[in-house]
Structures are given as C-alpha cells and as structure tokens.
Amino acid sequence: MSHKESLNFQTEVKQLLQLMIHSLYSNKEIFLRELISNASDACDKLRFEAIQNATLLEGDPDLAVHLEIDKEARTLTIRDNGVGMSREEVISNIGTIARSGTKEFLGKLSGDQAKDSALIGQFGVGFYSSFIVADKVTLTTRRAGASESEGVQWESSGDGSFSIETLEVPTRGTTVTLHLKEGEEGFLDAWKLRGIVRRYSDHIQLPIRMKKDPVPPQEGEEKVINEPEEETLNQANALWARPKNEITEEQYQEFYKHVSHDFEAPLAWSHARVEGKQEYTELLYIPARAPFDLWEREPRHGIKLYVRRVFIMEDAKKLVPQYLRFVRGVIDSADLPLNVSREILQESKDIDTIRAGCTRKVLGLLEDLAENQKEKYQKFWNEFGRAFKEGAGEEYANREKWAGLLRFSTTHTDKSDQTESLKDYIGRMKDGQDTIYYVTAESFAAAKNSPHLEIFRSRGIEVLLLSDRVDEWVVSHLESFEEKQLHSVAKGDLDLTKLGVEKPKLETSDSETLKPLLEAMQGALGEQVKSVRVSQRLTESPACLVVEEGDLSGNMARFLKSVGQSVPTSKPILEINPDHRLILRLKLETDQQRIADWSQLLFDQSLLAEGGQLEDPAQFVKRLNQLILN
Ligand SMILES: Nc1ncnc2c1ncn2[C@@H]1O[C@H](COP(=O)(O)OP(=O)(O)OP(=O)(O)O)[C@@H](O)[C@H]1O
C-alpha cells in the first residue's frame, strides 16, 4: 500500500523557505554543502549504530555520498547509504522545525534582506536550502534495518505543502533529487560541482563520489561509450587527524561551517593532539556570532565526540561546561571504548578529564585573543559575554583565568560597551584603595546615573557599571579578584576614609539638628524602611536606598521576583543628603503631614531612580502634584 498523502508545511517552514530563497541567492552553492553535511551525519549515525548491530550495514559497509547528474532530466542527485529515515522521521524532520525558539527567531526578522540573510546564517538552513536552486525536490529514503517495503518518498515544490508516500526502496539511505530551476543549469556541470565539493567538503571523512566525465573518442577511434568510472572528489579523511601544517586556513574554516552549520567564518580555533592520562585530538572553534538559540534550554550543534574517527554523539554539555556552550568542534578520543553508550559517558571519568582539558584550552585560546587580538576578543565578548559570565557559579578550577577574561562597563569609560577588565580596573585604583566597587541596575542608564555613584564620581573613584541580569549572579559568586574584594556601592555603610573621603560632618554637629527629622521620616515611612540615616554617598541627589551588607540588593530582589522566585523580605535603608536644599528645607518644616508627604516622595523617588516599581504610582503622582502646588 503506497499510502500517499499531501501535508502542509508548518508555518515556520514556509516563512523560512521564503526567506531563504530570497536572501541566499548570491550564495547559492551552499545547498550542496548542506546536503553533503546531512549525508555525512547520516553515515556517522549509521556507523555508530552498527557497532551494536552490524546487520544494519546490510552487507554494504562502504559508506559514501554519490553525486549524479542527469542533463536531460535537469536533475542533480545526492545519494548516501547512511542511516536513512522512517516515514515518521521524514515528516518530523523535513516538514517541521522542532527547534525551540524558532518562532521567536522568525519574529525578529525585519524584512530587510541584507539584515535577514545574516540572521538566517545564525539559524542554519540545512535541507531547505535545496529550494534555492530547485523548483522541485524529491527525497527517497529507507531506514537502515527496515524492510524494503518501508521506503518513503517525499516530494515538494517548496510552495507550502509536500506529498509523502510509502514505497519499495531496495537499499538503505537517502537520495535527494533536485529538479533544477530555469537558469541553474550550472549545477549540471561536473567540473563546477567538483570545484564546489573541494571547496566546501574536502575535509569530510566520507568519500564524495561522482562519475568521471566520459572521454570523447579520439579521431578515427570507434565510438564505444563505456560507462565511466566513479572518482572520489574529496580527500575523504578526517581533517582533525591531519597534521596541522597540512591544513590551510580555508580548510579549517570550511570544516567549521560543516560542524557548526554556520555561514560565517569562525573567530578563532585551537587544534591539538593531547597525550597523557587521556589521548585525544581536539579541534575547537569560537564562532564569530551567537547562534539564535544560545539562550534556549537545549541549544543545538555543540561538540561532536568521536572515538578513533567513529562519531559517537553530539553533546556539548558533557564536553565543556554550560557557560562555554557556544564552542563548536570535534573531539576524537583514542582511548574510550567504541561501544561506549550515552549512559557510560555520563559517568565517565575519562570524559571528565577530556572536559577539563578542553575547558583549559578554550580559556587559553580566549586569553590569547584578549592579549594579542583585542578587537577579535571584543567581538567575542559582545556576542558571548553574557553566556560566559554564567561561569561565575560553574567555573571553580580555573577561577582566576575566567575572572580575568570578564569585561565590564565602568565609570572610567561611561559607555555601555563592556570593554574593561578587572586588571584594567585594578591598574587605575586610587592610592590606598583595596576594593573593587560596582553598582548593579536593570539598565545601563540606571547604573550610570545611579545616585549611589555620586561620591565616587566626585572623587574620581572608578565603579563597575553592571546591568546584565547575570551580573548579580557574577558578583554574588565572585567575591574577590587578585585579592581585592568586590563591593557594591549600594550596600552597607561606606567607609571611604582611606581614600581621603571624610565621614559626614553631621556625625558630630549636624546629627543633633538632623535627629528629629530622621526620626520623623522614619516614623512616616514605618515598615517600608529599616532606618533613615545620613548618607555618605550622595553629593547631588537628596536621597537613595541602600541595603545592609548581607542583604539582597534591590536589583537582585526585583530580578528574582520577575522569574517567580520567592524573595526573603529585607527592608532597605533610606539615606538622605544633609546638604541638599530639599533636606535643608525639610529640616525647617514643622507641619507633620508635609514631612510625611516629603518622606514618602523621597522614598518613592529613590526607588524609581534605582529602577524599582512603585506599589501605588497614582498616589505618587498625586502627592507630587500637591507638593508642587503648595
Ligand atoms: N541524508 C539524510 N539522511 C538521514 N537523515 C537526514 C538526511 N538529511 C536530513 N536528515 C534528517 O533531517 C533533519 C533535518 O535536516 P536539516 O538539514 O533541515 O537540519 P539539520 O542538518 O539538523 O540542521 P541545520 O538546519 O542546522 O542544517 C536532520 O537533523 C536529520 O535528522
């Protein structure tokens, strides 16, 4: 029974197809790389499955990709004898995109082709790129181990629907036939195809074969058309196993595009053979751009693990820490057993050793970039800095190295670009300064204009301006760097006397005159504050909120609330600036109601200034208007 049915593509697929056809027309030939990559992955999967179950090879162990040209039919066929697909697999792999975040990704597209084509690179186009050059694509496949009658044929013109049919397929694997569009005859040219394969897929372990051009008969020779032999177009050995000096920059870059499904060249890479407790080869890349799913729970395409050239699995989580999840590449172990299972890998000490080695390598590579190619490092930081910062709670073995690679905005540059390292900060510390000061806020503007910074700015003491969500996480885990403590400018009682900043004079004389006001304000604010006290931080603003040393900062508390976590209630302290005109006037105020209104207004203002939200905004506006009018 052929059971033919016609199904619609998922909406996302339709959108993606449209976008691809329009944005990749200047880069058409990449479809071949994508299809060959898929074929190669399918052969890798089969090779792995066959370790447990050799019958899957069905007496045909020579895995390869074949390219076939049919000039008359105007078709180009890419055929592999890899693992193949079942009917269900075809429907779910080729008709839908099951990647989390796809909708959001597509929502970000602007309609501007130049911009969107860069974005599509981040997404990876895969099989659908066939429709850049073909107006009809026929895919025939059979899962290894399934019976001949369980073959599947999928066909589509890329216009919103596809047909799928069950049919006899004598051999396992997948055949993709592209019916080329008018004007794409170039892809029927063997010479051109050879060039593309050499350029894009030379490094693939799997042989890519194509029939040689028939040799035209010499003059006077009898016209015998012999079936031409096949030739292998690529080097067909694993790139990572070759000696470094035999690999060109371009080959490294193409290999990266193959493993990562990225369009852009990588930023940097490290290729090494490691000997010692574990023997393995690693070829690891830092991409130039964050993939669209970097922030999804299960980002794809990580590091591929091979054992003596046999692909085992792709699982970045096990091979590098989560905060380095953007690293791509290959690790090929010489020691792990071939029949290693996922479960064994989860527990494996050997894998732990490899992971530790790779982590050190990646950090070393980044240090090298930071030192010798600052621009590139900055590019890396702009793309991946926020993910890298997650190492705060994960990276203990290489703590100082990790912390040394962090980059921040600071009051030194006052720019939102995160360009300054902790070393840079320490190099600019004031005489006698032994603390690294920081402020956290929800946005860069809120951090930069925070009233908590006033005294620091007026004395030229640098402060880190932290406004990424992950920054609270960083400072809660990173207590010090090079023996300098990190300290929030919005926490605890500041003591800047070592830096020549006097304690406020009112501790002595003014405190007495201010005492009644502080008490009245405290009384008016009641449970909203722990206390009201005189500030050392303020030079321009009338008031600000601070928290006690061990308490959660307001910013952190708001963040935790926003992600639905329960937050221990800790009340802030309201600090007032005794030299501010508002406070000076308030000191003279006798009307208790007005004192209460002003106190509330100052409290609300301070909360707003640090990015907080008012419980009752309408009341705030009303009070403000009343005080302006009276
Ligand atoms: N030749 C093939 N043999 C077996 N399965 C295949 C083949 N081509 C594609 N597939 C299956 O279809 C899925 C989707 O392929 P597609 O090329 O669209 O995406 P991908 O290769 O997974 O990732 P990307 O979109 O980043 O290229 C693959 O993950 C694979 O499971």
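Note that Cβ sites are derived from N, Cα and C of the backbone, with glycine treated the same way.
Feature annotations, courtesy of TrEMBL:
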type	residues	note
REGION	1-342	region 'A'
DOMAIN	27-184	domain 'Histidine kinase/HSP90-like ATPase'
BINDING	Glu34, Asn38, Asp80, Met85, Asn93, 100-101, 122-127, Thr174, Arg342	ATP binding site
REGION	343-558	region 'B'
REGION	559-630	region 'C'
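In this structure, of the binding-site residues Glu34, Asp80, the smallest number of CB atoms within 10 A of the CB marks Glu34. Of all the Cβ atoms in the protein chains shown, 22 others lie within 10 Å of the Cβ of Val125 (ATP binding site). Reduced to three states, the DSSP call for Glu34 (ATP binding site) is helix.
The 10 Å shell around the Cβ of Asn93 (ATP binding site) contains 15 further Cβ atoms across the protein chains shown.
Reduced to three states, the DSSP call for Asp80 (ATP binding site) is strand. When Cβ atoms from all protein chains are considered, those within 10 Å of Phe127 (ATP binding site) total 16, not counting its own.
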